[in-house]
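Trainee: Quick paste of what TrEMBL says about this protein:
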DOMAIN    37-287  domain 'G-protein coupled receptors family 1 profile'
TRANSMEM  20-46  transmembrane segment
TRANSMEM  58-79  transmembrane segment
TRANSMEM  99-117  transmembrane segment
TRANSMEM  137-159  transmembrane segment
TRANSMEM  197-223  transmembrane segment
TRANSMEM  235-254  transmembrane segment
TRANSMEM  287-307  transmembrane segment
Amino acid sequence: MCLEDTYPDPSWWMSLNVSIPLILTIYIFTFLTGLPSNLLAFYTFLVKVRQKPTPVDILLLNLTVSDIFLLIFLPFKMVEAASGMEWSLPAFLCPFTNYFYFNSIHISSFFLMAGSVDRYMGVAFPSKYKLRRHPGYAAATSVVFWVVTCAHCSFVYIVQYEVLSPNGTATSNNMSHCYEDFSPTQLQILLPVRLEFFIVLFCLPFTITIFCYVNFVRILVALPNIPARRKQRAVGLAVATLFNFIVCFTPFNLSHVVGFVQNKSPSWRVYALLFSTLNAALDPANFYFSSSAIQTAFANCLATLWYKLSTILAHKRLIRPWSRRTSAYFSFGVNVPISTRIRSLSVSESPRHQGRS
């Protein structure tokens, strides 16, 4: 198909048969679940980095920041979807929104890769790596990741809004749709750039992550002196990270390859982006397996919410009043056995302790 055939007509979006309710559902779910969990993770990692920074905490803090950027600009994408995938907001918000949106998607793969490398080196070369493991290296690596990703996304922005037409004049994109309608001149540059995105921003980190986590789990499971709980956490961490890569990033990045082969943006690209958007809601699962501080923070947060909910319902006489001692079941921390939690729950609900509450 020639490039001229790829320029969309006015009914282009209608021909895609895009399910607007599905898009809005994914956006709203990601925003409502991802924003509070990422803000909690951001606060937890920020406290840890300020007190006693470790390379993993610095990398995860940056990953959290990238997710928060996506979530902050996600309401603009909601407005776009609610408007029938037409850009009804001010024109300057289109490049601004998509810059942070796509930047957050692409940079996540780098930080997930860096976390896998850190853990693999820690178990494969524990003595040598411990001597060279310094938070400053993680901070410098994070800066490099941000610069590389921002430079890539800036290039796409330039291609869309500043690309020159054959006669040498600047062309402007049709702002009725944001970052979707491209002229043949724009596609000649954009499609090869997207293919480079696929290789550099996806294939490279994905391959390294698979290698590191497969060997990380293999080495850790073979060690006889490692507790079973730690081995389970390692397997859970590897599965959660690889699940993020395969489900959230693969469809969107494959659209780059398909678009390059077909000389046009695939019609299903909008659906592939939904999986990448979900990554902001799934990353907290990676945080949970990566940090005991996050596990404790999530447990304490759930305990606080449950206590407040039970208090409200108790006032309405819907459930039995729940004492503050009962909330200790959740606030013990992740390493406390379930039997200890239940024993505390039984003691706090005894008549003598209820009289003191």
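Using N, Cα and C of the backbone, Cβ positions are placed for all residues, glycine too.
Give me the lay of the land around each of these features.
Mentor: Summarised as a single figure, the pLDDT of the domain 'G-protein coupled receptors family 1 profile' (37-287) averages 85.
Below 8 angstroms of C-beta separation, residues 57, 60-61, 64-65, 67-68, 71, 74-75, 77-78, 81-82, 84-85, 270, 274, 277-278, 280-281, 283-284, 287, 291, 293-294, 297-298, 301 of the same chain, each at least six residues beyond the ends of the transmembrane segment (20-46), sit close to that stretch.
Counting only same-chain residues 6+ beyond the ends of the transmembrane segment (58-79), those with a CB under 8 A from a CB of the stretch are 24, 27-28, 30-31, 34-35, 38-39, 41-42, 45-46, 49, 88-89, 93, 96-97, 100-101, 103-105, 107-108, 111-112, 114-115, 118, 135, 138-139, 141-142, 145-146, 277, 279-280, 283, 286-287, 290-291.
Within the same chain, residues 56, 59-60, 62-63, 66-67, 69-70, 72-74, 77, 138, 141-142, 145-146, 148-150, 152-154, 156-157, 197, 201-202, 204-206, 208-209, 212-213, 216, 241, 244-245, 249, 252, 276-277, 279-280, 283, 286, 290 sit at least 6 positions outside the transmembrane segment (99-117) and bring their C-beta atoms closer than 8 Å to a C-beta of that stretch.
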Trainee: Using a Cβ cut-off of under 8 Å, list the residues of the same chain at least 6 residues beyond the transmembrane segment (137-159) that approach it.
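Mentor: Result: 54-56, 58-59, 62, 95, 98-99, 102-103, 106-107, 110-111, 114, 118, 186, 189-190, 193, 197, 200-201.
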Trainee: Which residues, given as numbers and ranges, are at least 6 beyond the ends of the transmembrane segment (235-254) yet have a Cβ under 8 Å from it?
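Mentor: That would be 105, 108-109, 112, 115-116, 119, 197-198, 201-203, 206, 209-210, 213-214, 216-217, 221, 269, 271-273, 275-276, 278-279, 282-283, 285-286, 288-290.
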